[in-house]
Structure formats: structure tokens, C-alpha cells
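Data block below; observations after.
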Amino acid sequence: MRAAAAGGGVRTAALALLLGALHWAPARCEEYDYYGWQAEPLHGRSYSKPPQCLDIPADLPLCHTVGYKRMRLPNLLEHESLAEVKQQASSWLPLLAKRCHSDTQVFLCSLFAPVCLDRPIYPCRSLCEAVRAGCAPLMEAYGFPWPEMLHCHKFPLDNDLCIAVQFGHLPATAPPVTKICAQCEMEHSADGLMEQMCSSDFVVKMRIKEIKIENGDRKLIGAQKKKKLLKPGPLKRKDTKRLVLHMKNGAGCPCPQLDSLAGSFLVMGRKVDGQLLLMAVYRWDKKNKEMKFAVKFMFSYPCSLYYPFFYGAAEPH
């Protein structure tokens, strides 16, 4: 029995059909013996409280608009309290905002805020694979692999009781447009800039001598002089002597900030396996009050306890 949405319906209607299909399923465990897939044991963890259902609160923005109102705890990621769910789920809001796949919210919320039924309903493997195909390249651009907790082999095949792809098969309403490189999408507020600085290992004001294309990436090669380390982080002397930043998957997408290399740039990045990965780049504008404020007060900003996937994922600081 596959949970699938009515093609071409609006988001709420599609999920209503999905949940309607699931609600009639019997709750007795023996009636599920037909389905060959079984959820992996959750690390042998025992829960202090029995499963409960509660309203999805407004301050859980990742899932508050997912299309159903009640969620089950513990969830499918072993979170037992709503406070823990809120903290961990907030890390994924930026990924949702990137719109890397139309089913990102459905997939994530099936784990963080599973629909309230008598038995946990997992996402289908095909749903996981579809979202991973759309979002993993974006995450990799920032040096984050697809996380272990979301490995698709953990989820059931589509012939089992599971949540299938909802919106990924809808026809496109407009011709595809080449997206700006993820690292070149700009924040315009001081808070947004400081969030980016929080999630970056280093922040540098620099000039760019040249850009090279290599294996699908762009390489930004810094000029020898005119570098100012605003947040040195893990950068060593050898890193700064010849500063080379890798823009992952950046060879085939536009980056308006880099159309001209004249002037200085504000760059942010992470050091991963000895390589400097670009996370964000801005043209330096001394008249930009938001940028000046962010640079001046970056160390006063209350950074999240968790690194994000470009400003949110459950990687400890």
C-alpha cells in the first residue's frame, strides 16, 4: 500500500489525500506482517514515555505548514521532547529555503514531525533518493556530505507502507532557469551576514587575482597583498600566503559578484580536509551600512550552538 498524492493537486490537498489513505490502515502490529521492510532499531534506545500525539506548534516552522496538524513523539530521529525537535529542526530551515527539491519539507517532516498515526510511517526510499538527488549537491558545495541519519537505504521500498514522492513528478510550469551559484546568493541584512559569518570557519577581506575552472569547480586565487583576516579561524600562514578558495560545483552557474575582479571582496569559507571551501562572497562596499555593522560586531553576535548546512545543520560548533 503506497502513500501517494494526487498528481497536480495543491500541496494541502495532496497531503490530505495521502493522510486519508493512511488513516484507514489498521493499528494492530500483526496486520503489518505483510510488509517486508522493518525499521532499523533506533540504536537500541528505550524511551521513558509512551508514544504521544500533539499539535505541530507554530514555532516549529520547518513543519508547521507541511499539510497536517498533529505529530507523533518520539519522532523517527529519536527525539523525545518537543524542545529537542525544535532545536534540531531549526537547523534545516535554510535547506528548505533553498528549494533544492519540491519534496524537501515532506521528507524532513516525515522524520522530524511524523504524522500522528497508530504506527510510525517512514518515508519511502524513492522519496529520500529524490530529495537527496536535488539537495546533496548543494550541501556538498558547502563541504557537508549527505548525513548518515538520512541514508536512503534505511527507508522502505515503495511497495511497503511509506510516504512516497508527492510533488517531484509535477510538470514544470516554466522553462528551467540557470540558478545563481549557491555561494553567490546574498544576504542583505546585518543579521543575515552575521549568520553566515557564524557558520564559516574564516572571514577575509581580499582581492582576487584570477579565477580558474577545475573539475567542475571554480578556484578563486587571491592576490598576494591586500588581505585582511577578519576572522582567521583555522587558517595557517601557508593558507594565507597563497589564498585559494574552491567554489564547489561553481563552474556552470552564474555569480554576478565575480563578473568583474576589480576592487576587494568579503569572502567566507570553511576548511575541509585541508581545502578551503567558499561559502559566500560579496563585493566589498564601504558604503554598505549593513556590511560594516556585520563586520564590526560579528564576534558579538549570538551564534547558534549548531553549525548549519549554510546556516544550519546539526554539526556541533
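Placed from the backbone N, Cα and C atoms, the Cβ positions cover glycine too.
Per Swiss-Prot, these features apply:
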DISULFID  CYS53-CYS116  disulfide bond
DISULFID  CYS63-CYS109  disulfide bond
DISULFID  CYS100-CYS135  disulfide bond
DISULFID  CYS124-CYS162  disulfide bond
DISULFID  CYS128-CYS152  disulfide bond
DISULFID  CYS181-CYS253  disulfide bond
DISULFID  CYS184-CYS255  disulfide bond
DISULFID  CYS198-CYS303  disulfide bond
DOMAIN    48-165  domain 'FZ'
DOMAIN    181-303  domain 'NTR'
SIGNAL    1-29  signal peptide
CYS100 (disulfide bond) and CYS181 (disulfide bond), Cα-Cα, nearest whole angstrom: 12
Reduced DSSP assignment, CYS303 (disulfide bond): coil
Site of maximum Cβ density within 10 Å, from disulfide-bonded residues CYS53, CYS124, CYS152, CYS198: CYS124
Distance [Cα-Cα, Å, rounded] between CYS135 (disulfide bond) and CYS124 (disulfide bond): 17
Site with most surrounding Cβ atoms, counting all protein chains shown within 10 Å, from the disulfide-bonded residues CYS109, CYS116, CYS135, CYS181, CYS255: CYS109
Most Cβ neighbours inside 10 Å, all chains, among the disulfide-bonded residues CYS63, CYS100, CYS303: CYS63
CYS184 (disulfide bond) versus disulfide-bonded residues CYS53, CYS100, CYS128, CYS253 - nearest by Cα: CYS253
For CYS181 (disulfide bond): DSSP state (helix, strand, coil): coil
Per DSSP, three-state class assigned to CYS162 (disulfide bond): strand
Candidates CYS53, CYS63, CYS152, CYS198, CYS303 (disulfide-bonded residues) with Cα within 10 Å of CYS124 (disulfide bond): CYS152
Other CB atoms, at most 10 A from the CB of CYS128 (disulfide bond): 26
Disulfide-bonded residues listed as CYS162, CYS253, least Cβ neighbours within 10 Å: CYS253
Integer Cα-Cα distance in angstrom, CYS152 (disulfide bond) to CYS162 (disulfide bond): 13
